[in-house]
């Protein structure tokens, strides 16, 4: 018989599977292009004629190119081979206008060898900005001495305080170029809209050809590579890299660039957009496809775990066999981790689930301590419920475990905080405080899970653990291991993902060691409920 709860879960899983199948179909439509089947209305590739080409890169402060005397040639590749990969670093002169928060443009021409680009009717070109505007990243200093080793901080101190919050010109030190090299014959009646805007057609006799498709990979421009342009800067390095690209990958890359641009138009910051760029640029397409499925299932398991966890705690009235200290610690550590990720401006893919988890942990503390809120006018009054004899027995085991842990934990946390204050630079005292807390959580947080393990050991049972929610969270633990290598996140948060694997294995061992026993508790704070004694039968 289907219950309302199981029907809702089945509906969510069903919608999720439909979404995954639909997304796979859409992705297939992006990377696959139907070739021209007949002779009429076909558009042939100009590269199939094997013309001798030349690549030229110019810089100018003007957004539109008027005459050749307004540009500076920074790179000239004669006898350019579209199949040969290369990378070259050149020094670019920075005009005074650009040093004063102006913009510098790069014009990239692909034209016939031996002919100037503006004299070649069969040339193709693209334009890219070499500068962008961003608020400078706050400099980290030694909080005790106030020392900072960078010249950027010295110049920043000379500026008025309100000027530090204003966007300034930053240099993009990388320019990544691609040419689509597939000898693909397009159907003129069904040109893909994404590629069409990059195509330039010419008529050669009775045949229509499309010129080489030149593409700038904007996803390779990362925030971490940007350099502040100072007024004293006269030259800056620019790395120009080239590689061929297939039609399927080109179409996929165009869609990804458009998606990132759309997110920025909807209010996503440059930092959040940069995290998405990192996923695309730093991984190959096969790992990227795996990432999509991993992310989709991570969201599904997050939802199911939150739903199961909330449902279990909503019905909970007893804390027998459950470590209250572990619940309080999980709440504290989850909130600290959320504040830390917020301070580090971590990707929203990591930040939002952490925020939801922190809210749930706060609610679980209210249930664990049996807190009720009564209002006397505008003043809230907090009342705590009473504990049964069995709950007091659990608290005894809990306090015993915490006593031994405190001898080890507190000196380690205090020592780590003092060491980081003396040797590591931070943006502010708040940043140091949050980092000290979160490093304690990440490095020694697993110790706070020991009281629950100790309670399980003393009571010789884990049967009351909500294994459904626990299983969902365990799946996400292994998924987090994959994300630890893909999504940009603080190193300490990355290491904590692998620490959770150890905790999961310990609980599996306890489940095997203490088979079915309905008088035990779980790692997430769930425990069995005390069953009221039934009255004896009259007979």
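Placement of Cβ uses the backbone N, Cα and C atoms for every residue, glycine included.
Under the heading N-linked glycosylation site, Swiss-Prot lists 91, 101. Per Swiss-Prot, topological domain 'Cytoplasmic' is recorded for 1-10, 307-325, 425-429, and the stated evidence type is sequence analysis. Feature annotation from Swiss-Prot assigns topological domain 'Extracellular' to 32-285, 343-403, 451-539. The feature transmembrane segment is assigned by Swiss-Prot to 11-31, 286-306, 326-342, 404-424, 430-450, with sequence analysis given as support.
Taking each Cβ in turn and tallying the other Cβ atoms within 10 Å, the top scorer among the glycosylation sites 91, 101 is 101.
For the topological domain 'Extracellular' (343-403), the model's average pLDDT works out to 78.
Under the criterion of 3 or more C-beta pairs below 8 Å, with sequence separation of 6 or more, the transmembrane segment (286-306) and the transmembrane segment (11-31) qualify as touching. With respect to their backbone Cα atoms, residue 101 (N-linked glycosylation site) and residue 91 (N-linked glycosylation site) stand 19 Å from each other.
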